[in-house]
Amino acid sequence: MSLRDKTAIGVKWTTFSTVFNALLNLVQMAVLARLLSPVDFGLMGMVLIVVGFGQIFSDMGVSSAIIYRQDTTREQLSSLYWLNVISGVVACGALIVFNPFIVSFYSEPRLNNLIHLASLIFLITPFGQQYQILLQKDLQFNRLAGITILGGFANAVVAILLALWGAGVYALIGGQLANSGARVMALILTHHNRWRPSFHFARKDLKGYLGFGFYQMGDKTANYFNVYLIQILLGSMLGARALGYYTLAFDIIFKPVMAITPILTRVAFPVFSKIQENKLRMKRGYIKLLQLLSSVNFPITLGIAAVAPMAIPMIYGEQWMQSVVLIQILAGSAVLRSCGSPVSALLLGNGKAAWGFLWSVGTMVCQFPALYLGVKLGGAVGAAIAFLFLTCVFSAFSYILLIRRLLGPCLQEYLGSMWPALWMSMVMALCVFFINITLHNIRQFPMLMLQIMCGTGVYYALMFFSQKTLTLELIGLLWKKK
């Protein structure tokens, strides 16, 4: 089977699992938002910030090195596997040790037990992490899709049941633990016949991986703060309630992007690694990747922003109305970030992990003063506006400093790959807005359905008539049978 066919199949299966989990997450969030308060979501947001930061260090950044290198031996895999396990134990211990400082930073004593419970994730995840990486390297995305769906289903069922039993914010923690446990068990059962770690660990096996992993870990750390610095500042300066409103808005607008983008970038990294010597082929692949991402992400993101005033109170309840304006501001950031994410796959595919590290550190340093002023002067709304401004600036410099250096001058192709999806999505959003202001006497649910159907119809009609080739290519990626 050719690399193109494997890529198409990977996209199809990853799309299926992403759509399923997105719908499942929508149902889960709609139920939990009516059972839990903004404060509960704010507390969970604080916990996830800490846990997410710890997860960066749980594999020492070697996962990407395993995908990049084509000559990894079974002994090296075993050493790297046990390194993951050791790193997870260390991360769990560090979280427990630093727990008092985290509680003090947020001035939120309720975090104490929550963080202790959440730290168990670090003892679970490492046992399946390398199995997942090997499946990804082999482009076995059909198996990964099933495992992802299983984890999402376990998360939703456990979280909703615990919330119904009155567990409060502990329902969200329980869902995360169930997700991790289900995924690890499935990964081990799925892949253990092809490879299983031996009781072998040698420092010499880590040579070359830790160097690559160091830059990856630094890149992920800085990039993590680039994304979640607002939540850190909001939680510490304004408290759990403000963070709860922002967390819901962030999840609604960014989770589709964060779910859809890896459908292609997760497949793109191993593909770029295999064609790293052919720069022309890589340039064409990168531009095509941007075309596909923008044609899917732009309408979804701007569509969510357009229907938010009607959808949020109907689905989540009136208590979440303060999240609407945040969703609409963050939509701009989500659009730009969805097209910035493939840069990481491009850098790793070319072995330029150090570039990614330096870029992420630079943007992190620039972000802090702007976001701090945004929170200080305008609260959550001010922070969202500052985040949008910074995203615009960073997008421009990303092309100048990274993309152009790897692919050569390609500004016209770079912007041209995204422009059609942008103008069509804006037309779609304006149509939805026009429906909202002219047919305001219709009840909420019929109005929301009308907005979604009209918006979808307008966008895909424009897409089919002005970008017919790309439309057929997207359909082919999703339905190609092999």
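Any Cβ shown, glycine's included, is placed from N, Cα and C.
If you look up TrEMBL, you'll see 12-35 (among others) marked as transmembrane segment. For the transmembrane segment (12-35), the list of distant contacts is 41, 141-142, 144-146, 148-149, 152-153, 155-156, 159-160, 163-164, 171-172, 175, 248, 251-252, 255-256, 259-260, 262-263, 266-267, 315-317, 320, 477-480: same-chain residues at least six beyond its ends, Cβ to Cβ under 8 Å.
If you look up TrEMBL, you'll see 41-68 (among others) marked as transmembrane segment.
For 80-102 (among others), the entry in TrEMBL reads transmembrane segment.
Among the features that TrEMBL reports, transmembrane segment is placed at 114-132 (among others).
The transmembrane segment annotation in TrEMBL covers 144-164 (among others).
Summarising the annotation, TrEMBL assigns transmembrane segment to 225-246 (among others).
Under the heading transmembrane segment, TrEMBL lists 292-312 (among others). Here the transmembrane segment (292-312) has long-range neighbours at 252-253, 256-257, 260-261, 264, 320-321, 323-324, 327-328, 331, 334-335, 338-339, 341-342, 417-418, 420-422, 424-426, 428-429, 432-433, 436, 444, 447-448, 451-452, 455-456, 459, 463, 467, 470, 473-474, 477, meaning same-chain residues at least 6 beyond its ends whose C-beta is under 8 angstroms from one of its own.
Within the chain, the transmembrane segment (324-348) has long-range Cβ neighbours (under 8 A, six or more residues past its boundaries) at 64, 67-68, 216, 219, 223, 245-246, 249-250, 252-254, 257, 260-262, 264-265, 268-269, 272-273, 282, 286, 289-290, 293-294, 297-298, 301-302, 304-305, 308-309, 312, 355-356, 380-381, 384-385, 387-388, 391-392, 394-395, 398, 402-403, 406-407, 418, 422. Sequence annotations record features per position, and here TrEMBL assigns transmembrane segment to 324-348 (among others).
Residues annotated as transmembrane segment in TrEMBL: 355-375 (among others). Same-chain residues lying 6 or more positions outside the transmembrane segment (355-375) and placing a CB less than 8 Å from one of its CB atoms are 215-216, 218-223, 225-226, 229-230, 233-234, 237-238, 343-344, 347-348, 382-387, 389-390, 394, 398, 401-402.
Here TrEMBL flags 381-402 (among others) as transmembrane segment.
Among the features that TrEMBL reports, transmembrane segment is placed at 414-437 (among others).
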Practice prompt. Report the listed stretch (80-102, 144-164, 414-437) having the maximum count of Cβ pairs within less than 8 Å of the transmembrane segment (114-132).
Written response: 80-102
Worksheet entry | Residues from the same chain, set at least six apart from the ends of the transmembrane segment (144-164), whose C-beta lies under 8 A from its own | 13-14, 16-18, 20-21, 24-25, 27-28, 31-32, 35-36, 132, 135-136, 170-172, 174-183, 186-187, 190
